[in-house]
Amino acid sequence: MGGMPWKRVELAALVLYALGFYLVVIRKSLRLSHDYSGRLYGLRAGSLAGHLNDLSDAQWRNFRGNLPILTGVMAAFLILVNTLRYCYGLKGRGTALAWLILSLSYLCYLHGACVVFILLIALINYSMVKIFAHYKYCTSLIWSFNLSVLILNRVYEGYSFSLFGQNLSVLDNYRGTFRWHICFNFVVLRMISFGCDYCWTIHSSQFDHKKHIQKCQVCYSGKTCYFALQEKGLSVDRYTFLTYLCYLTYAPLYIAGPIVGYNAFAAQLEVPQKNYSFAQISLYGLRWILSFLLMEGMTHFFHYNAFVVSRLWQQLSPFEIFIISYGVLNFMWLKFFLIWRYFRFWSLVGGVETPENMPKCINNCHDLESFWKSWHASFNRWLVRYLYIPLGGSRRKLLSIWVIFTFVAVWHDLEWKLVSWAWLTCLFFIPEILVKSLSNKFQASSSLGMLVHREFKAIAGAVTISCLMVANLVGYVVGPSGIKVLISKMAGKEALPALAFIFTTFYVGVKLMFHIREASSSQQG
């Protein structure tokens with residue numbers, strides 16, 4: 001109890017600093033957006049108080065622009081499938097067939113004649129899995145095939161029909177409205193998931209369901225959590241071509257995820273998810289609408305991404321570069337938050353639960369491990385199951401992270417800036433792994449020892465956040481070609497006050513995260 005008043009004083013001081021920081025950032029951001037508005041690319045006529053809207057990010061611009069059509073498609077699909085499911089008692093194969101017909105019509109609109117490429121590659125993968133599933137090297141073969149497909153799709157830009165004969169060149173005029181090989185990155189993950197789940201089911205399933213129920217509150221209550229659905233193997237006859245195709249093309253998750261494993265998906269075709277009630281799903285949708293309005297306000301008043309697209313960040317002071325960089329990362333987080341939650345909402349209403357991709361705010365992560373568990377979390381789960389554990393898990397962590405992050409970079413795109421981002425992240429990950437290992441062995445017993453340990457963790461967290469920002473700046477903002485400019489801006493004496501302020505801010509942020517976690521733990525206790 002003696003430490004409580006001191007912690008309250010510390011918390012009050014940290015909150016005051018944070019409020020001051022955000023007031024400075026908001027004021028400076030408004031000034032920068034106003035002063036440079038005439039020189040920024042990607043600004044469009046806005047609808048809020050005469051402000052221009054930052055639509056410089058192509059992904060967000062396309063998603064936002066297609067929302068009306070996408071929502072109409074979602075409503076039509078859900079009404080039709082749910083009506084068939086409840087009126088005719090569709091389960092398993094019946095539900096898979098209904099979703100497959102609708103999803104293929106959706107894909108024909110998106111990709112036109114290129115749907116042939118998707119079906120052909122899917123058929124080859126399915127045949128290979130079924131033929132070689134009983135062999136020990138099957139998973140290696142699955143990975144080799146899918147990595148080759150991933151790279152070839154990019155090299156040949158989705159292929160041209162004329163490559164396979166001039167008689168087919170006419171089909172190049174019917175390639176749809178969306179490049180198929182971009183969406184196919186997610187299909188590759190699903191093909192690997194199907195193949196590995198099937199092989200592991202045939203050989204052995206080591207999931208201890210009884211032990212899991214003792215630790216899982218959801219399963220203990222009589223429901224079945226997503227993790228249990230994924231880890232518990234299905235009967236061999238559930239790995240059919242119909243369900244496989246439905247899984248690959250499932251409309252709600254086809255474009256952007258979240259990523260769901262085959263086992264979990266097929267199980268929910270038979271028995272729709274019951275972990276989310278109608279009221280909970282409705283609240284989920286309402287929260288999405290409020291988050292969308294927040295994004296609209298952000299892009300109207302703060303033109304962070306336009307500074308990057310216009311490359312005007314190079315003309316700013318070190319502190320202004322930090323503000324733009326911090327703003328871009330928050331914009332990216334909110335963009336993906338909205339895209340992924342939209343499709344997850346669609347999937348939930350359709351009866352399929354998926355992992356939440358953004359369970360934690362970007363401003364509430366002080367180490368790389370927790371950041372990657374919270375950013376694209378469904379992909380993180382996929383990587384753990386199909387790559388991290390097969391590579392040796394925690395026993396070979398220092399080695400496996402290089403393989404995993406290189407795959408993540410190549411999976412996103414064949415660009416050097418993404419490979420640079422991946423390798424920088426691995427370099428920054430190594431000290432964190434070693435420090436965590438040492439920290440777990442150190443048990444502070446005295447009050448002074450606990451205080452020193454807490455301060456050390458806060459400083460280490462501030463260093464980690466700084467490294468994380470640098471890695472993401474290289475990968476998604478400045479690129480490898482902009483590293484020299486960034487270093488020259490940040491290495492001068494005039495940048496020292498800004499760097500000190502930035503590091504202090506990260507330190508304060510980490511301390512606030514400690515208080516949030518402690519408050520959350522006390523409530524759960």
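Cβ atoms are placed via backbone N, Cα and C, with glycine included.
Note: TrEMBL annotation is automatic and uncurated.
Here is what TrEMBL records for this protein:
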TRANSMEM  12-30  transmembrane segment
TRANSMEM  67-84  transmembrane segment
TRANSMEM  96-123  transmembrane segment
TRANSMEM  135-156  transmembrane segment
TRANSMEM  241-265  transmembrane segment
TRANSMEM  286-307  transmembrane segment
TRANSMEM  319-338  transmembrane segment
TRANSMEM  398-414  transmembrane segment
TRANSMEM  420-438  transmembrane segment
TRANSMEM  459-483  transmembrane segment
TRANSMEM  495-514  transmembrane segment
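Most Cβ pairs under 8 Å to the transmembrane segment (495-514), among the stretches 67-84, 135-156, 286-307, 319-338, belong to 319-338. Fewer than three CB pairs closer than 8 A are found between the transmembrane segment (319-338) and the transmembrane segment (96-123), and contact between the two stretches is not assigned (pairs 6 or more residues apart). Distant neighbours of the transmembrane segment (67-84): 90, 94-95, 98-99, 102, 106, 251-252, 342, 346, 349-351; these residues of the same chain sit at least 6 beyond its ends, with a Cβ under 8 Å from one of its Cβ atoms.
Beyond the transmembrane segment (241-265), the same-chain residues lying 6 or more positions past its ends with a Cβ under 8 Å from any Cβ of the stretch are 73-74, 77, 92-93, 96-97, 99-100, 102-104, 106-107, 110, 118-119, 122, 126, 178, 183, 186-187, 189-191, 193-194, 197-198, 226, 229-234, 339-340, 343-344, 346-347, 350, 352-357, 376-379, 381-382, 385.
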